[in-house]
Amino acid sequence: MYLHGSSKINSNGHLEIGGCDTTLLKERFGTPLYIVDEQLVRRRCREFMEAFRETGLKFQVAYASKAFCVMAMCALAAEEGMSLDVVSSGELFTALQAGFPAERIHFHGNNKTPEEIEMALEAQIGCFVVDSEMELHLLQALAFEKGQQVNILLRVTPGVEAHTHEYMATGQEDSKFGFDIANGTARQAVEQAIELDHLNLLGVHSHIGSQIFEVNGFQMAAERVAAFSREIKEQLQYSFKVINLGGGFGIRYTEEDTPLKLSTYVKAISEAVKTHFSGLYDELPEIWIEPGRSIVGDSGTTLYTVGSIKDIPQVRKYVSVDGGMTDNPRPALYQAKYEAMLANRAQDANEETVSIAGKCCESGDMLIWDVELPCPNSGDLLAVASTGAYNYSMASNYNRIRRPAVVFVNNGEAELVVRRETYEDIVRNDVIPQRLVRDQASSMAQPNAKITVSS
Ligand SMILES: Cc1ncc(COP(=O)(O)O)c(C=O)c1O
Ligand SMILES: N[C@@H](CCCC[NH3+])C(=O)O
């Protein structure tokens, strides 16, 4: 397994992250456990910020919180001077609870409800990224009611096909997101937005997809957005102040992945903006981006305990762990690939090929097919790398499995940032209609019955 950030093998032959021995993390917090290398997250934030400072452009780097949205992460992003992209009232609430400055929050989403918009208006967030004509009018009406002026960007699809999984491509015409440039709806949206007196149109937003390893998609998006901006300037005499080119910068999951340095993306984007916007306005527009995966992805490692092992001779050895698609749905959803190692005996050389199975009642709940590991035994600790993005944030309670805890590790210290769910959490929102309430003596039927289970 590739060792990201501060991960290393210590003198006991154990995987250590952020100066913390993972075998001790297991003793203290249990498994499955998400471990986040705090210094690596901070390094990624700074790589983006510093690369932009060197371009001389005005900029904002908004952390796309959908990748991993918990209060500690919002607080860290705020401390690093980032802005924040949220796509729901739940993410917005998390950010506000963490004290994230509202004026640096950008609200995305293709179907914001009136309640969500009202919540964001009350919080006086920095900007809405408007996705549809209906939203334009809803936002105008709600802003009018509250007597507010609201900054907006219009999300456009620039017609760029990103080279990535089809579920992660969003820049093409046939997309549920945004207004298409080529078919004229983006221009119509600009015309309407200019007329709506409670909306202050800052500019446009384009996000072409996720887990992208080339710069040319971003360059092409910048070129198309610049051509569109020119058309708007010439025909409607309106100048954009902000161009948001989204996120999508790829990271390393396995050796098949060839990530670029984050500064390479920033340089390519800013050069493209400088070239294509040259001479259009008195000054170049401010550039915003919204990376999610590239901020937190490779900082995360999930630690599991190996349970049952099933050897089907001449076929396959299934090694089951105490988590799976509930804490990491990506292999089932996108056929995503991961690397793993035994965290408690990282240096054992006697390897065999096994497949790592999750514990859900689904044949598709396989975390890794065919990985070389040092003959895993029940009780071993398995570490899976690059699970920082879209793992905790996409985790579920399928099969009523409790979501794992999350710890930040740094300089030998481990701090809990999300506690492990309890059985009480699992039934917290369940209600038994009175007619179904069983005899009080039958304690197992009562949601609040005390059941003692060692964790
Ligand atoms: C609008 C928008 N911005 C930003 C992101 C973050 O993407 P990534 O995590 O690939 O950087 C996404 C997710 O793909 C998105 O849909
Ligand atoms: N959730 C995704 C990709 C989509 C990102 C959000 N637009 C992943 O796990 O890779």
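Heads up, the Cβ atoms here are built off N, Cα and C, so glycines get one too.
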Same-site residue for substrate (record: TrEMBL; known: Arg293, Arg330, Tyr334, Glu362; options: Tyr238, Tyr265, Tyr390, Tyr392): Tyr390
Annotated companion of Glu290, Pro291, Gly292, Arg293, Tyr390 at the pyridoxal 5'-phosphate site, TrEMBL, chosen from Gly217, Gly248, Gly358: Gly248
Number of Cβ atoms other than its own within 10 Å, given for Tyr334 (substrate binding site): 16
Same chain, 6+ residues apart, C-beta under 8 Å of the C-beta of Tyr390 (pyridoxal 5'-phosphate binding site), given in sequence order: Lys66, Ala67, Phe68, Gly292, Arg293, Gly297, Arg330
Intrachain C-beta neighbours of Glu290 (pyridoxal 5'-phosphate binding site), sequence separation six or more, cut-off 8 angstroms: Val61, Ala62, Tyr63, Ala64, Asp85, His106, His207, Asn244, Gly246, Gly247
Conformational class of Arg293 (pyridoxal 5'-phosphate binding site) under the three-state DSSP mapping: helix
In sequence order, those binding-site residues of Pro291, Gly292, Tyr390 whose CB lies under 6 Å from ligand 1: Pro291, Gly292
